[in-house]
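Here is the structure we will look at.
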Amino acid sequence: METSICSPENRYSHPYKPYDIQIQLMDAIYDTIDNGYKIGLFESPTGTGKTLSIICSTMTWLRDYKRENVFQPMAGLDGSDTDDSDSDDEPEWVKKAYRDTIVSRSENKMVDYEMYLEKIQNEYENNIQTAGSIKSSRPPKKKRSTAKKQELHDEDFLPEDYYSDSEVKPNADKLTVLESEISQLLDKVNGRTDEIEMTNDCPVNIYFSSRTHSQLNQFAHQLALTKFQSSFKGVEERTKYLPIGSRKQLCINEKVKSFSKNDSNINDVCVDLQKSKEGCQFLPKDYLNSSLTKKLSDLSLSKIHDIEEIADLGSNMKVCPYYSVRKGVEMTEIISLPYQILLSESTRAILNLQIEDSIVVIDEAHNLMDTITSMHSVCITIGEMNSIIKALKFYLGRFLKKLNSGNRIHLMKLIKLCQLVISFIQKSEKCNNIKVGNEINTSDIYQNSTGDMLNIHILEAFLAKSKIAYKIESYMEKVAENENEQAKTSSSNPLLYKIVQFLKCLVNPSKEGKFFWDSTNGITSIKYMLLDPSSVFKDIVSKARCVILCGGTMEPMSEFKNFLFPYVEDKKIKSFSCNHIIPPDNLKVYPVSSQNNVTLEFSFDNRNNPLMIEALGASIVRICQSVPDGVVVFFPSYKYMNHILSIWKSTDVLTQIESQKKLFEEPTSASQVQTILADYANTIKEEKKGAILFSVVGGKMSEGINFADELGRAVVMVGLPYPNAYSGEIIAKRKFIESEAIARGCSMSEAQRNSQSYYENLCMRAVNQSIGRSIRHINDYSIIYLVDCRYQSSRIQNKLSSWVRKRIETRNYNMDQIMEETRDFFMCKTIARLA
């Protein structure tokens, strides 16, 4: 049911009649921004309209702010104003007339801009229709064309001659350099020559960031449903939205796209092409002052476009959308961008994204700390180092005579560094000096060698300036594809970018990070990991007016306060957890502590108990007998799931399960996930048979996959999925937490409790993420079984999402009682559906 944007009961201009919990969430977000909170922590279960609630509350606040602070006669003109035209000597009617004139000018300027956007949008669509490129008033999305394979020659893989900062380039054209510098200065002085010169009088923007491309596209589609009251008079104010993407999403140059295989590569290829004589055909040399790029930036604001539609605009206009859209940043109200751009201060500066005094909204924020950590971490093994050395030697052998001395010397030094790292790992293994999680003193890598003469600072600068990594990677790919099997073993895309990242960490190790030993499947590695993500996030928190963190599974929220912004006072943090939109009787949550008098506790020491594994099988058989349609079972790991299934295959447990429901297993290969899901859904929906899906916490199906309606009538969580306590990451992180606690004056026992709490919270966030997969809309219903006696603990229950916690059966039911209630639950739902 749609409501008018002007009606009092629809304060937030929601496109539909909002549910009570949506109004509560919108109220909480608006209050957080309006009352000066620095941080807002919000949990809203998936399926409750979280994205629209975020959009409506933040945009309503922004329009209110603009109306009161930009387009009001008193805005910015208080008694301290010293302008002679509004002095205390003037009569009040003169002051009012002056203020009205200022506001009128601002409003007229915005009215003109709105009309201009309407005009260019209509012109563009008419031109496209005339050309026969669209068939409706809203252009259907065109499939982006696949890059054609470009013919690449050896010269394409050569870097420019390299000279360090202390070297002088021979025959440097000083006049050319001077002319370039003068041209840049003139650009700054003259500014751009816009068809309509516009400046944004409102310093506040909304930045919406999420983890994946699909989530950002969904945001654009939800935003397109909305319409908000204008902040000024005279014309309807459109929502000015700009999606910021990477070159990989926005590049329209086929040569660049065919040359590049990953994000780092495409950036280097693009910059390299701009420096070349021919340049990029889609990027005007003076693109900052180009009317074509200006028009594309304005067109991008004329209506809500997702990132593919922005790329299509650029293709149709034959102008680079990546560089053009950034010109529209100044006039936007709301900008969407991926985590990687938001969290990089240097990238924000390049794109002219000013978060000062703005609202920063981070969706799916349960991923935020992991994303920050992974962006500033790197891991490298002997095998990878050997592959890098092979690639470097192969490249040098081919181009040795064509490379200048600067490139040759630095590439040989890079080989030397890789050999030193290999030697260091091998010596440490021989001396039994490797203990997973133990810190590495990087100076030990050069011990008893001439490695300290390499000057890794200069080496890192060489890799950064020369952009040689993508040249080598691309050449190795070409040779591997066309000629030489040896090169195939040498090609290890994108390992050269990994050594670049490794060198950056060696050169500038953060005091909040550590180098340490790690091991995966018996393979030793050196790992650098950022241990304190708050140091990176502080830049955003300190600059923004307000930071809103939202997610479907934000509990335990204490983790964010402790590790992401420990410096923010509690009184400046607002937390809010939504209930679910479903009626209270549409979800039951049962802790399952025992079966056949066997206690179910899947702790590390007890998890292989054969009696308990048999009891687990009996429990799942009974659940399959009582629950219709689909059942999803989550195990702590692939290894444990396979172990359990192998035991059940040797007994009759799997036979009993398969007599009730068709069995599916989560594949380890991502390419097989959609096939398994389709078969699972088809069995339930089309064949009208029951099915059971064995999945893994943190696997392919625990996040982003929805088991709505009959696909997930029950979710079974087996045990508490603690991460591997003996992994290098966990050991290093817990040591860091303990050392930080002791530095603050805590006792050793308090410090250990802090690190144990962190470890437990990792587990509970994974639980919340997995069990939230089943309820997707207001009429959905399901049962959650938490199979482990430890779920009876109030400490564990308090770390579950609030909407789950509120529905836990607190009576200590045995399995017979749970199954009786299960049958009653589904019988009632069947009767209600048929009534």
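In case you wondered, yes, glycine gets a Cβ from its N, Cα and C as well.
Residues 363-366 are the range that Swiss-Prot records as motif 'DEAH box', among 363-366, 655-658, 671-674. One way to see the shell of the ATP site is to take the Cβ centroid of S44, P45, T46, G47, T48, G49, K50, T51; the remaining same-chain residues with a Cβ within 8 Å of it are S53, G552, C578, I581. Least crowded of the binding-site residues (P45, G47, G49), judged by neighbouring Cβ atoms within 10 Å of its own Cβ: G47. When Cβ atoms from all protein chains are considered, those within 10 Å of T48 (ATP binding site) total 24, not counting its own. Among the binding-site residues listed here, namely C251, C270, C280, C251 has its C-alpha nearest to that of G47 (ATP binding site). Other residues of the chain with a Cβ within 8 Å of the Cβ centroid of C251, C270, C280, C320, the [4Fe-4S] cluster site, are R247, I252, N253, V256, L273, Q274, F282, L283, Y322, Y323. For the binding-site residues S44, T46, T51, the greatest number of Cβ atoms within 10 Å around a candidate Cβ is found at S44.
Spatially, by CA atoms, the binding-site residues C270, C280, C320 include one closest to T51 (ATP binding site), and that is C320. Break the motif 'DEAH box' (363-366) down by DSSP state and the numbers are 2 helix, 0 strand, 2 coil.
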